[in-house]
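Enquirer: Quick one: the structure is below, questions incoming.
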Amino acid sequence: MPPPPGPAAALGTALLLLLLASESSHTVLLRAREAAQFLRPRQRRAYQVFEEAKQGHLERECVEEVCSKEEAREVFENDPETEYFYPRYQECMRKYGKPEDKNPKFAPCVQNLPDQCTPNPCDKKGTQLCQDLMGNFFCLCKAGWEGRLCDKDVNECGQKNGGCSQVCHNKPGSFQCACHGGFSLASDGRNCQDIDECTDPNTCGDARCKNLPGSYSCLCDKGYTYSSQEKACQDVDECQQERCEQTCVNSPGSYTCHCDGRGGLKLSPDMDTCEDILPCVPFTMAKSVKSLYLGRMFSGTPVIRLRFKRLQPTRLLAEFDFRTFDPEGVLFFAGGRSDSTWIVLGLRAGRLELQLRYNGVGRITSSGPIINHGMWQTISVEELERNLVIKVNKDAVMKIAVAGELFQLERGLYHLNLTVGGIPFKENDLVQPINPRLDGCMRSWNWLNGEDSAIQETVKANTKMQCFSVTERGSFFPGNAFAFYSLNYTRTSLDVGTETTWEVEVVARIRPATDTGVLLALVGDNQVVPLSVALVDYHSTKKLKKQLVVLAVEDVALALMEIKVCDSQEHIVTVSLRDGEATLEVDGTKGQSEVSATQLQERLDTLEKHLQGTVLTFVGGLPDVPVTSAPVTAFFRGCMTLEVNRKSLDLDEASYKHSDITSHSCPPVEHTTV
């Protein structure tokens, strides 16, 4: 049977019951640790009553005189304290002598033995108080400390991160919540809230600021990169990254690749590499080996030269089939030197014209129907006695009396020079100047009863001397050639004194064979291209493949307009530029402006400066200019006729024309049958 509780325990129990009874009118629920901390001070007060009584007994029994272990047991009334006290009591007597020795240190030594908290065994930093127990002690720990001696820190961060939403820092006897960069601690000391760095206008400088959870980002437009040092968006030089296959031009926020258009290349769909410019509309390009093309020599010199010699007097007889859309030019010349006797059969305003000079006297005769309708007709010239008879389709259209013979006697032989498609002397030596260039076709020719078989073999061996088998009205650009004119686009009005005005109006009727090529361009000094109108198959700004007509001043596009370039149909491109105005139309639909009003005026001012200088008007292509001088440098391929400032451009009147360009005839589109 266990011993009855000692007076201290009984007193503590009584006080606890009394406390609970006094507070029974209120419901109080406490956690175990809080309850223990709540009760222990009250238990300690009960112990204090007993301790005072116990200290008096100890003074009488063991300080004033020597006590035995049994007497000590009577003082403490329990074994644990007795077992704790008595060995130490004996140690005090060994050190300071017995009570009767009257050593002043003996009494304090004995009196302090029953108090387990003297000296205090608990850790000072972590202990709230030390409670003396029966031969033992209890350390009441402060919040954040644990262990028998309250010397062990409680790691609050070890459980549920200490209640912190982000970072928990454990500290001796405590902890602290913290936040990651870009967050701040909320007023509750536990949760974190995002810091909006973008509220500070200096965070990103010129760039756009985008707030992110715990961070932010400085954003730039495409083609720019953010410099944290400068706090600004800086252009990315894509050309240093070698993105383009050929030529690269960097621009603010972007770049443009260029391909050698004159070399037959254009941009691929990826807008970086190059690909061949291939026809998208087939033309009937077949030629006839039995035909002779008269317009091959732009210089106006003859394409055929013949010289006949006879022992007997001989009269001229010439017959051939002829086809043309050209209104003016020379068919053939027959005779001697320019100051002797000769005839020139040509066209003027679409009708046959005969210029002749006999014995220094010149005449001109023109008659007959319009024959530049593109259909074959037979023309013959026969020299009779005292007459020249010219027939069209066997019908005589001219009969001219002449005083002499075309064959001239020289050193015992009768001589006759005959040239086709030109004259053997200067145009000024004609009775009336004529443009000798003739885009015409001749077949089934017969000069002096067929004594010219060598011509046929020459033509058969040279395709450039042959005609297209079928033609229609227009001018054909083969995709490797251009022509140019020296035109003036400024004028001084008499009504306003010396004020100079300018305008550029272009009407181009086109039937393209490819989707890329220059229709018309002005080229100034230093290989500058002040103005260009061209076909292009991509939108350079949007980097999008699309069939367009582009109007540009230098390398800046002013306007764009979509066009169904590969539909085999004729399209009309109209361009009008003057001070303050620039318009582009395709088939009557106005194009989209690509510049602001201010930028437009700047470009027009630039164009005007060039027009006041020297410019050449190129059609069908550009000379060897830098590939970056205009949006398009490729040659045009297809049929085209042009009007500039309300005047038709006759390619025979150009300052220069490549011989592969046919000035008044064009092969038709090849219609395939399914």
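Each Cβ is built from the backbone N, Cα and C atoms, and glycine gets one as well.
Straight out of TrEMBL:
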- Cys122-Cys139: disulfide bond (DISULFID)
- Cys141-Cys150: disulfide bond (DISULFID)
- Cys639-Cys666: disulfide bond (DISULFID)
- 45-91: domain 'Gla' (DOMAIN)
- 113-151: domain 'EGF-like' (DOMAIN)
- 153-193: domain 'EGF-like' (DOMAIN)
- 194-234: domain 'EGF-like' (DOMAIN)
- 295-467: domain 'Laminin G' (DOMAIN)
- 481-666: domain 'Laminin G' (DOMAIN)
- 1-27: signal peptide (SIGNAL)
Enquirer: Any residues 6+ beyond the ends of the domain 'EGF-like' (194-234) with a Cβ under 8 Å from its own?
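Expert: Distal contacts: 180-184, 252-255.
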Enquirer: Quick one: DSSP breakdown of the domain 'EGF-like' (153-193) into helix, strand and coil?
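Expert: The domain 'EGF-like' (153-193) comes out at 7 helix, 16 strand, 18 coil.
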Enquirer: Rounded to the nearest Å, what's the C-alpha distance separating Cys141 (disulfide bond) and Cys122 (disulfide bond)? Just drop the number here, would you?
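Expert: That separation, Cα to Cα, works out to 9 Å.
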Enquirer: DSSP-wise, what's the residue breakdown of the domain 'EGF-like' (194-234) into helix, strand and coil?
Expert: 3 helix, 18 strand, 20 coil
Enquirer: Sorry to bug you, but what's the C-alpha spacing from Cys639 (disulfide bond) to Cys139 (disulfide bond), rounded to the closest Å?
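Expert: About 109 Å separate the Cα atoms of these two residues.
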Enquirer: If you measure Cys666 (disulfide bond) to Cys122 (disulfide bond) at Cα, how many Å is it?
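Expert: If we compare the Cα positions of Cys666 (disulfide bond) and Cys122 (disulfide bond), the gap is 114 Å.
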Enquirer: Name, in the order they occur in the sequence, the residues of the same chain whose CB lies under 8 A from the CB of Cys639 (disulfide bond) and which sit 6 or more residues away.
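Expert: For Cys639 (disulfide bond), the qualifying residues are Glu472, Gly474, Ser475, Phe476, Phe477, Ile510, Arg511, Glu570, Cys666.
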Enquirer: Can you give me the Cα-Cα distance between Cys150 (disulfide bond) and Cys122 (disulfide bond) in Å, rounded to a whole number?
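Expert: Counting only the Cα atoms, the answer is 6 Å.
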Enquirer: According to DSSP, folded down to helix, strand and coil, what is Cys122 (disulfide bond)?
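Expert: DSSP call for Cys122 (disulfide bond): coil, neither helix nor strand.
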Enquirer: Give the sequence-ordered list of residues that share a chain with Cys122 (disulfide bond), lie 6 or more positions from it, and have CB atoms under 8 Å from its CB.
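Expert: Result: Cys130, Phe137, Cys139, Leu149, Cys150, Asp151.
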